[in-house]
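Feature annotation from TrEMBL assigns transmembrane segment to 12-34, 54-72, 84-108, 129-150, 162-182, 194-218, 240-259, 280-302, 340-363, 412-433, 440-463, 521-541 (among others).
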Amino acid sequence: MGAPRDIGTFVVWDYVVFAGMLLISAVIGIYYAFAGGGQQTSKDFLMGGRRMTAVPVALSLTASFMSAVTVLGTPSEVYRFGAIFSIFAITYFLVVVLSAEVFLPVFYKLGITSTYEYLELRFNKCVRLCGTILFIVQTILYTGIVIYAPALALNQVTGFDLWGVVVATGVVCTFYCTMGGLKAVIWTDVFQVGIMVAGFTSVIIKAALIQGGISTIINDASNGGRLNFWNFNPNPLQRHTFWTIIIGGTFTWTSIYGVNQSQVQRYISCKSRFQAKLSLYINLLGLWVILVCSVLCGLALYSRYHDCDPWTAKKVSAPDQLMPYLVLDILQDYPGLPGLFVACAYSGTLSTVSSSINALAAVTMEDLVKPRFPSLSEKSLSWLSQGMSVLFGALCIGMAALASLMGALLQAALSIFGMLGGPLMGLFSLGILVPFANSIGALGGLLAGFAISLWVGIGAQLYPPLPERMMPLRLETHGCNSTYNGTNWMTTTKMPFSTSASQVHNIERTPLMDNWYSLSYLYFSTVGTLVTLFVGMLISLSTGGRKQNIDCRFLLTKEDFLSNFDIFKKKKQVLGYKSHPVEDGGTDNPAFNHIELNGTDQSSKISGTRL
């Protein structure tokens, strides 16, 4: 294998494929705006009328957090640090079981729209408000990055117009979220998962053909030390080991799947609890497929460039650009296929951004608007929900513009997503698993968890861990042909953040920096969750938490687990829900209002929740 040729550039067909993907997403939004009588109520808009089935919801769950950061970041992660990343397959299994068996039963039986409604039912309004505000800040921060990061990486490699793409992505997402509500978001996600797998597959097949088969790719990876699956070092300061991925990864991802509104809103929109759990378990297969695809792409990257690393040779300015570079290198003779890969990266972005916009609209309506204006009609609420989608869409595009100015703060923002998720998961775990937890303990625990995670997270940004903690593997350039300089297409703009913490500060390292601030980033969420739980339990015990009388609907009970076996009984059990009485500071829950349940409309003949 000689040195790679000059890489290709984008041609008309690539733009056509990319524009086609955006167009189909928009059309799905228009279809669901009018199909079945359109979005009559805010429940139709935010929850798909609670008539969704398992398979589309499962694919949508998979798409939601498999953003372009996954499509571009995971292969470069495997290229630089090895295939130990594939241990996440075990983590995903643990996450899905925890979400389906611990968090889902409680949220589903209460029939809530916003997960933060639970915090008021279980604790009080103040705790709910804190949870809501944390979620809104976390989601807007994260969404701006998800729009901007891939736009920058692709702009530098393909010459795609940066702001054209940022605005187009934001506008298309906002359009179909506003027109079609949750149904449009879920069905566009299904289409986008297909595009993501197609983009990955085209790269894997072509790379295998060029390199002489998958066996060559695996051999190259093995010779380069990339097949480093079994690192059982228990040291929490090593970035990725078996234990950091299993323990830290499980906490980080459960905070997304178990309690994050973007995910919970999907599975509680299912028409029965069985369908909701099924959607989580089918989604596990989707997560595994995307993980296998992205790890294989990373190994293909290594096989192709094992003796001439484009990053060290200054052909790309950041690791996140390696994947687009490979695509233009190996697929340049196939017009449209590079466009398919860019569509694949952007499908990840669209699905994440749309779920964020929809979740932000739901949380704002349920937690901030409805409690203040209880007399609003369903029509007004539906219009307001759509207005919220437009507002949050604009905010997310604005956040992407801010992201371009923030520079190194971006990596901090990305970590803040993990840092805020941990304390929130600790808060929900307190409510669901600890019967004696009270509102004083919940608030105290949340503040303590938040303070500790911010401390370690921001410290890690300011004083990145030493390279020996990161354990990057060797990258060679001895095979780069001196006559091959490549076309000088690369702009000199540095990625304002990349997946590597390459800033080296010429300061004396203190024990605090070398230990506490060098904690693996996967443990940020773990620390936040555990501190919130322990502090919350201690404060609750010392402030009379045992004396309170808690409604068992707000806790995880033995019956919640045993009801998994109801499906095997001859007679299906049907529960007739009445609206919740207003007691203990709880709110009347609009999601299962008895008037709506006994409606005569054919499409909504539901007499309760089928278990």
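Each Cβ is built from the backbone N, Cα and C atoms, and glycine gets one as well.
Note that TrEMBL annotation is computational and uncurated.
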Feature contact check the transmembrane segment (440-463) with the transmembrane segment (194-218), CB under 8 Å, 3 or more pairs:
no
Examine the transmembrane segment (240-259) against the transmembrane segment (84-108) and state whether at least 3 Cβ pairs sit under 8 A, considering only residue pairs 6 or more apart.
yes
The transmembrane segment (162-182) vs the transmembrane segment (12-34): three or more C-beta pairs under 8 Å (separation of 6 or more)?
yes
Considering pairs 6 or more residues apart, do the transmembrane segment (280-302) and the transmembrane segment (521-541) have at least three CB pairs under 8 Å?
no
Stretch with greatest number of CB pairs under 8 Å, the transmembrane segment (340-363) reference, 12-34, 54-72, 84-108, 440-463, 521-541 candidates:
54-72
Within-chain partners of the transmembrane segment (84-108) [C-beta distance under 8 Å, separation at least 6 from its ends]:
74, 77-78, 115, 118, 228-229, 231, 240-242, 245-246, 249-250, 253-254, 257-259, 263-264, 267-268, 273, 276-277, 280-281, 283-284, 287-288, 291-292, 295, 298, 428, 432-433, 553-556, 560-561, 563-564, 609
For the transmembrane segment (521-541), sequence-distant contacts whose Cβ falls under 8 Å of one of its Cβ atoms, 6 or more beyond its ends:
236, 239-240, 244-245, 247-249, 251-252, 255, 415, 418-423, 425-427, 429-430, 434, 436-438, 440-442, 444-446, 448-450, 452-453, 456-457, 460
